[in-house]
Amino acid sequence: MEILRFLLSLFIYFLLLNLSLSHFPSISAQRTNHENFLKCLSHRINEDDSRIIHTSKDPSYFSILNSSIQNPRFFVLETPKPVSIITPVQATDVQSTIKCARLHGIHIRTRSGGHDYEGLSYMAKSRPFVVIDLRNLRSITLDVDNRTGWVQSGATIGELYYEIGKLSKSLAFPAGLYPTVGIGGQFGGGGYGTLMRKYGLSADNVIDAHIVDANGSFLDRQGMGEDFFWAIRGGGGSSFSVVLSWKIRLLDVPSVVTVFKVVKTSEKEAVSIINKWQYIADKVPNDLFIRAMLQKETEVYASFPGLYLGPVSDLLALMKDKFPELGLEIGNCREMSWIESVLWFIKGESMEILAKRKRTSRSFKGKDDFIEEPIPKTAIQYLWRRFEAPEARLAKIILTPFGGKMSEIADNEIPFPHREGNLYEIQYLAYWSEEEDKNKTNTEKYLRWVESVYEFMTPYVSKSPRRAYVNFRDIDLGMYLGLNMKTKYEEAKVWGVKYFKNNFDRLVRVKTNVDPMDFFCDEQSIPIMKYVNDI
């Protein structure tokens, strides 16, 4: 019996080995494919191709690659590097890249701002690849009279805020807090920030898009169709196409808003106030956004930063009625314009900082959960005490309130499904210095801290499935391995339903229709089915 088991195992091993070897070309064939791809692309590009094509032999290669690695955890020698980087300057360059890549069997990744939590926009773990870096496609055109704008995917949300702020003090757009995040990734996964309770996600306010599909065709909303347009707004746009630009809806904000921050250093008081926050943060008027945060400097503390779309007098009256436990006073508050509030949240001094690009210096690992019922005070107390660990010296736990507009939008309106019924989303983040990445043991202790907090929270978070936000990508949820004879759909459903709930199957249908050869793929991309009717 043991001999039979051994022979069976040996047979399976060689079968899998044969399959893997037949699936990927030899090293020499890969090199030839890449050379032919570059010849094809050079022939198609009308301009000076040195501005667009960068191989490892070029002086520009490493400066371009490294400039947008926004998690230094992957800024190490072991991280797989692209065989070349393409920096298109116009839509036809992207079309040519896709056509040549398909013709010569080249795998691609698309990078906007480089903020993918797991680095999947600029690395691939299983095969040679080319990065399409959209840094040169960053134009922003705003129409204040019609309250719309076009913004290219290579722009950052900071650049978008900057352009809005230059033109108007009474218009805004709902996106994230960190100005260096790329538009392509932010909108493609959903995108939220301080205006989410008032206006929803970034993707909720996208009304058209320009893309290049897997055939190299240039399409707008009408050309791609409503299912395709639905999928790229929150379903991870890079699974379906290269999104070149987005048409957005600009939204009204009052000329005066109020920002505030309250800090609590007493464990007992902080735990009590966070507990109360759970019961009111999603139910207060839509004009009010209050986050709760745990972190550590010299000591552990809780902070409650927020934005109110109105004057301080109205805010103080509202807080006295709805959340007196916080003890908000006029000294905690500042009136300003909305664009100034964007700067306040990042501790910036001038608008120009929004338009500057820089690479972060801290490595990190993040996980997140959605909370449907208030967690017990004992759990909050546990989270506070986890910051006593040495590896939590730079860590953060961020609680972001939902409710408001987020609860008014149907969970299938776009692929982002986390709507009504969610009190808040909670993120667990560990940070460490880039220098510490040189020692794997150092890195592992930070990863374990995040994992331990995540495991502790299991009884208190969403279930069946335990859900997650695709823009906070977590490779621990699963990735394509090609083992156990499972189809890609079977593998992907493990994490796909966590990110997209019941919208996952519709995303698979769209993917199968628009990219049947699975050209746009990564370790957690939307899969295809062999037959659409299999779903």
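Even glycines carry a Cβ here, placed using N, Cα and C.
Bear in mind that the values here come from a model prediction, so they are computed numbers and not experimental data.
For 1-22, the entry in Swiss-Prot reads signal peptide, with the evidence type sequence analysis.
Summarising the annotation, Swiss-Prot assigns N-linked glycosylation site to Asn18 (among others) and lists sequence analysis as the type of evidence.
Under the heading disulfide bond, Swiss-Prot lists Cys40-Cys100, citing similarity to another entry as support. Long-range Cβ neighbours of Cys100 (disulfide bond) (same chain, at least 6 residues apart, Cβ-Cβ under 8 Å): Phe37, Cys40, Leu41, Arg44, Ile106.
What Swiss-Prot records for Asn66 (among others) is N-linked glycosylation site. Shown in sequence order, Phe75, Arg359 are the residues of the chain, 6+ apart in sequence, with a C-beta less than 8 angstroms from the C-beta of Asn66 (N-linked glycosylation site).
The domain 'FAD-binding PCMH-type' (78-253) scores a mean pLDDT of 98 in the predicted structure. Positions annotated as domain 'FAD-binding PCMH-type' by Swiss-Prot, on the basis of sequence analysis: 78-253.
Mapped onto three states, the DSSP output places His115 (pros-8alpha-FAD histidine) in coil. According to Swiss-Prot, the pros-8alpha-FAD histidine annotation covers His115.
The N-linked glycosylation site feature in Swiss-Prot is assigned to Asn146 (among others); the stated evidence is sequence analysis. According to DSSP, Asn146 (N-linked glycosylation site) sits in a coil region rather than a helix or strand. In sequence order, no residues are near Asn146 (N-linked glycosylation site), counting only same-chain partners six or more apart with C-beta under 8 A.
When other Cβ atoms within 10 Å of the Cβ of Asn215 (N-linked glycosylation site) are tallied across all protein chains shown, the result is 15. Annotation source Swiss-Prot lists N-linked glycosylation site at Asn215 (among others).
All protein chains considered, the CB of Asn439 (N-linked glycosylation site) has 9 other CB atoms within 10 Å. If you look up Swiss-Prot, you'll see Asn439 (among others) marked as N-linked glycosylation site.
One residue stands out among the recorded positions Cys40, His115 for having the most other Cβ atoms within 10 Å of its Cβ: His115. The distance from the Cα of Asn439 (N-linked glycosylation site) to the Cα of His115 (pros-8alpha-FAD histidine) comes to 23 Å. The two recorded residues Asn215 (N-linked glycosylation site) and His115 (pros-8alpha-FAD histidine) have their Cα atoms spaced 27 Å from each other. Under the DSSP three-state reduction, Cys100 (disulfide bond) is assigned to helix.
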